[in-house]
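Swiss-Prot has this to say about the protein:
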BINDING   7-14, 20-21, Arg59, 86-89, Lys97, 113-114, 182-183  substrate binding site
ACT_SITE  His8  active site, tele-phosphohistidine intermediate
ACT_SITE  Glu86  active site, proton donor/acceptor
SITE      His181  site 'Transition state stabilizer'
Amino acid sequence: MELVFIRHGQSEWNAKNLFTGWRDVKLSEQGLAEAAAAGKKLKENGYEFDIAFTSVLTRAIKTCNIVLEESDQLFVPQIKTWRLNERHYGRLQGLDKKQTAEQYGDEQVRIWRRSYDTLPPLLDKDDEFSAHKDRRYAHLPADVIPDGENLQVTLERVLPFWEDQIAPAILSGKRVLVAAHGNSLRALAKHIEGISDEDIMGLEIPTGQPLVYKLDDNLKVIEKFYL
């Protein structure tokens with residue numbers, strides 16, 4: 001069995017080195033090109049999908065659409081879920097990473113970005129950019145909508161969707177594409193690869209590059225590689 005992850009192509013805020021999180025940012029021109037190249041590469045290597053899962057953020061949805069279109073598979077059903085959203089960076093969202101490091105120190109920013117269990121400063125619920133005010137989350141209970149997350153909380157959010165939707169799809173024989181975000185994919189990778197809390201800090205998933213997992217019948221990783 002195989003599973004393919006793809007992190008969305010470069011976003012406009014990736015290009016500007018800003019914290020993005022749940023802010024809905026478009027793909028940059030480079031990001032659009034990365035998604036198209038990924039779709040072509042998947043087609044060239046014979047990858048076909050039966051279902052695709054993505055987040056409710058534009059940059060991931062757009063990447064998923066482009067990948068499927070470029071691989072002549074735009075007909076493949078897509079399921080969009082907030083559970084595959086990027087990690088919520090709290091009050092850091094929209095801030096310049098370099099300027100934030102100058103203010104708080106490189107080590108503090110590294111911990112906020114990469115540690116497993118350290119939360120960022122939380123966003124106020126009445127902030128104009130709070131997810132509580134975004135209608136795409138209107139169906140969710142208020143206490144479920146995050147104001148800031150670490151990777152541990154992100155995994156706790158993503159894992160129920162893995163167990164309820166993604167894993168059963170794979171086990172039923174479906175060929176699955178997951179088009180999501182750096183940290184939601186890091187969380188899934190931690191789970192399926194059994195990566196330790198310490199080692200996950202060093203895991204980077206590049207934008208727009210298909211990551212293939214070969215899995216056994218228990219969804220244990222046999223092999224992983226980038227196309």
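Placement of Cβ uses the backbone N, Cα and C atoms for every residue, glycine included.
Between the CA atoms of Lys97 (substrate binding site) and the residue listed as 'active site, proton donor/acceptor' there is a gap of 17 Å, rounded to the nearest whole number. DSSP assigns Arg7 (substrate binding site) to a strand segment in the three-state reduction. Other Cβ atoms within 10 Å of the Cβ of Arg7 (substrate binding site), summed over all protein chains shown, number 28. Recorded residues Gly182 (substrate binding site) and the residue listed as 'active site, proton donor/acceptor' have their alpha carbons 7 Å apart, per Cα-Cα distance. Measuring Cα to Cα from the residue listed as 'active site, proton donor/acceptor', the recorded positions that fall within 10 Å are Gly21, His181, out of Gln10, Trp13, Gly21, His181. When the neighbouring Cβ atoms lying within 10 Å are counted for each of the recorded positions (His8, Arg87, His181), the highest count belongs to His8. With His8 (active site, tele-phosphohistidine intermediate) as the anchor, the candidate recorded positions are Gly21, Arg87, His181, and the one with the nearest CA is His181.
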